[in-house]
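What TrEMBL says about this protein:
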- 26-50: region 'Disordered' (REGION)
- 138-173: domain 'EF-hand' (DOMAIN)
- 443-468: repeat 'WD' (REPEAT)
- 479-520: repeat 'WD' (REPEAT)
- 567-608: repeat 'WD' (REPEAT)
- 615-652: repeat 'WD' (REPEAT)
- 710-742: repeat 'WD' (REPEAT)
- 867-899: repeat 'WD' (REPEAT)
- 948-980: region 'Disordered' (REGION)
- 951-972: compositional bias 'Polar residues' (COMPBIAS)
Amino acid sequence: MPLWKKIRPSSAAGKLEAQNVSSVFAEVGSAGERGTKMSGPEQRGERSDPGVARVYLGAVSEDRPPPKWLERELLRQENRRHSVTMGDQVKLRSRLLYSDDPTHSLSKLKEFEMGGQRSLDVLNFGLIVKKCLGLHNINNGQIQELFMKIDYSGQGRIEWDEFCTYMQLEYTEKEESVLRGKQVAFSLPATVRALSHGEPILRVHSTPDGTIITVREDGAVYYWSPELNLKRSKSVFHERPVSRKPKWATDFITMPQYNKLIMGTGDREIQLYELSSLEPYCQISSLETVPLRLDYCYTGPDECSILYGDSQGCVNIILITSVGETLRMWKKLPKIENVPNIGIDNAVLSQNVTYIRWKVHQDWVTKVKYFPDICAIVSTSNHEASSLVIGCVLPSTNIEQQMREIREVCQDGKAKRALSNNNGSPQPRAPCDQTVFNVYKGVMTFDLSKQHNLLVTGGMDRVLRLWNPYVPGKPTGVLKGHSAPIFYLFISSEENRIFSVSMDNTAKIWDIHDQICLITAHPKASLIRGDMSACLYSPSIKALYIAADSLALLSLRTSPQPQGHLIVSHMEPVLCCGYSHEFRQVVSCTEGSVVKVWDFDTGSHVFEFGGAHGQSAITCMTFDPKGRRLVTGGRDGILKIWNFNNGQCLKILKKDGESNEVCDCTYLTVHRNTYVMSVGWDRRIDVYSDSPDEPHHIQKPQPSWQDDLRRGHIEDILCVAQCPPSLLATSSYDGEVIVWNLVSGHIQCRFASHLQPDCCHAQGMDTCVPSIIFLRSRALHAKFSSAACLLSSGPTGCIHFWNVLNGGKLLANFDASRFQQLITKLAVTKEDTSLYVADQLGYVYVYDIKTYALGSERTPPRAENYWRAHTGSITGLQIVDDDQVLLTSSIDCTVRLWSADGEFIGTFGQRDNWSIHTPSSWKHPAVPYEILIDPLSMPAHRILEGETRVSDVNNADNSEATSTEQKSNSPSKLRHPPLSFSDTDIMEEMKTSCYTEEHGKRLRHEIFKHTNKPPNHGGPKAYHTLKYFDIVDTPATCERPDLSLADIDPFMSSFVEQELAEFQ
């Protein structure tokens, strides 16, 4: 086979088949010779002659070309010449042809397996990726990170199968996450309102205020609320004698700008009614044909257009200017059947009315609509040759086109005379003024979106066709799935969806980008019965109104969307989160069983996978010691080990029989063996061996400890904490804390949480212990044998400090929550110097415990800082010591990052990324918006809380002012500030300012980063005491004041004089 002939892979579509190519580890000899010697399979590994490139080709035969990278390497190794031989052209041509086949480039990644080596280390993996894929400029750190993601077990080598598995699962999960974000469902069954027996509903229309209007063929108009509660109804047609045929309606539309309802009738009339009272206003009669389909558009200030399609396939356009004045004139005309009437012939005589009639279709017009975005009218019919036509309103002013048509007409005088004699007949548009779409069996309904540049049609053939409005030749997509003619279509541009309803009452939702069906509502599930007559989709309430034998409301069941000014990380409450030091990534898990991976340095979304525990919530998580695998526990009682970078489930850890909720889990190492430990509602400690040699995918726990079976917890275990090498602590719902010896499995000590002496509601109080933590720096040193090394949360916001090395006793406790709320999470810094506490209200407190509880303590530790991080209970709290930041998560669906001092860095999922090492990119000094508006974040006041009255506060302020005045009269050392300052004093004051000399955005950050600091009330600054005087221009001569009036101020006397002069 020639070099330039491509190889057709024999595998199925969408899969890669590695070709039988040479090994990437083959040596490429030195440059200097143009020719190369290729050894056959039987000469594998032979050394070539000196001066010739040495290549081990493995299993490459004469009828198979060498790999692309080898051809490129050979061409690069040869000496440079000023002429090109035929052989070089063959090689270069081969290289270009192979570059068109991406599967050939990707398949060479399997070459390391063909070369005799079954696995690769990170160095050789990087060389292969750069050489085979041509990624010479890729960063080595990125390749190393990819290698670590594939090598989740940390063995240091990967195989071809592992690489393929990782890539396939990663992109599969990405695709599923996209589809999961597009999931939608109907609320079934539909809300159905029974209708009285009568004529079918012509159309369902919505007004700007949300009112739903329906009109029947007999002229009965109904007003409904959005929930289909009937507001009012009225029959608008005048009652006729029994001998005359009753009037019937064909279609209706509203004029919201003029508060009018337009209705077409079978008597070739267009009637206008008051939208509020449904009283007749006026009508246009004597139309050429019956108006079958109506449309209205407000085209400009006091201008509008009324369109209708008729039974002759014509599109009729009535353009009205000075609409208000014109309608008032029509209202004063003589009445016919109690309606002011004007004929279409008399109406067009007015300067404000223009009537245009285009012959467009060869069959009845099924739908007509004006789109102001493209300034064109779209009309449809069931005639295949003119199924859909996009045309202009007015004829074209293209001079060249007009001259061409005149030239064609002049060549045939008869045609010219016939055209001129055809007075009053509809005229066809010029070909340049319209675009015609030919569709099999015609078009019944359509919709157009300018935002997506998309036209959707549906008709009798039960197929949705997607078109480019400017390319009528061939549809861009075809959607099949309906089993009946398509009756209604709507494009939701904001949601990127298409809604379609067929004549058998089946509703479907399609995705525009993926062109797939997202959901189908069958009539058996929606309980919509009868023949469909009208349909409408309301974007405001996201529901379909379907009129058949009854009026039905088919609502969408979507997940609650956050408000526009709120930023969330998940759509469900976040129950746990953690930080991976290996990849510098944050992982968060939710109640909806969704796992998301975030970039720690920027806050951007990296990866996610859902359905981790089916429909059960993920209640806890932890990382393995290397930080490459994730362990999650759920309410289904199962633990799962994941490669969280691609969503691959590596192992399932579960017990036989029924399992209850897992509340907490952790990784621990004992004698170089790693284990996964979990606790929960089973009230037992389950230990699973984590061995890479374990062949089973589903693994069972080891036998329980004897002490756990005999003397373990009697209530649900909520938390577990470990302290290497041999300590383990568990806490339960009844407030009991047990410390275990990991090596022997025996209980070392146990104690129960104590209530505060001043607690008056001890009976019935929640005594659970949701969080415990070890102070490892104290537990591992003998000098701290008498100090507290275990912390546990207690009732009413208490924290207990326990000594566990000497039998276990309580050394100290204090109220950590200012609002006496349950403490949900505890975290300490690496050196056990600071304690971070989180409560149910979303507050975070920081305490200095460096020297606290070294013995018995009665006073609380020093509080360093506190702030509100979330509006809901905090479910995750972790300190990243290397970067001095704090990671928090909450049931308010957010995961946030804070500095160690409480400065707000950002919320994962926000639009703007941050840089963890650039404080100017943080959100600080801003705080989350929902925290600002939350009532619990507001400052407390006696009047707002109803504890006192306004008058009492005013009296207190007056008394305080009086006491202050009395105090000011008493002698003091510095009663008044000095009246003057020297330049030296001012310079010293400026040096003590907290502002730096930096510029730009960093200066703004430096200015605002001190706003959270408490104000300094130690006394006025030097420049605060400077006095200033207003300088005014005074006249050279001064008038002497009039002091004739006794006991009157001089200025008042002059004022009285002026008043008397004006009075006289």
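Keep in mind that glycine also has a Cβ here, set from the backbone N, Cα and C atoms.
TrEMBL: automatically predicted annotations, no manual curation.
Within the model, the repeat 'WD' (479-520) shows a mean pLDDT value of 93, rounded to a whole number. In this chain, the repeat 'WD' (443-468) lies out of contact with the repeat 'WD' (867-899); the count of Cβ pairs under 8 Å, excluding pairs fewer than 6 apart in sequence, is fewer than 3. Highest Cβ pair count under 8 Å relative to the repeat 'WD' (567-608), across stretches 479-520, 615-652, 710-742: 615-652.
Sequence-distant contacts of the repeat 'WD' (479-520) (same chain, six or more residues past either end, CB-CB distance under 8 Å): 179, 182-186, 444-449, 451-452, 454, 456-466, 526, 528-532, 535-537, 539, 544, 546, 548, 554. Panel annotation: around the repeat 'WD' (710-742), residues 663-666, 668-670, 677-681, 683-685, 748-753, 767-774, 776, 779-780, 789-790, 792, 794-795, 802, 804, 808 of the same chain, lying at least six beyond its termini, place a Cβ under 8 Å from a Cβ of the stretch. Applying DSSP to the repeat 'WD' (867-899) sorts its residues as follows: 0 helix, 20 strand, 13 coil.
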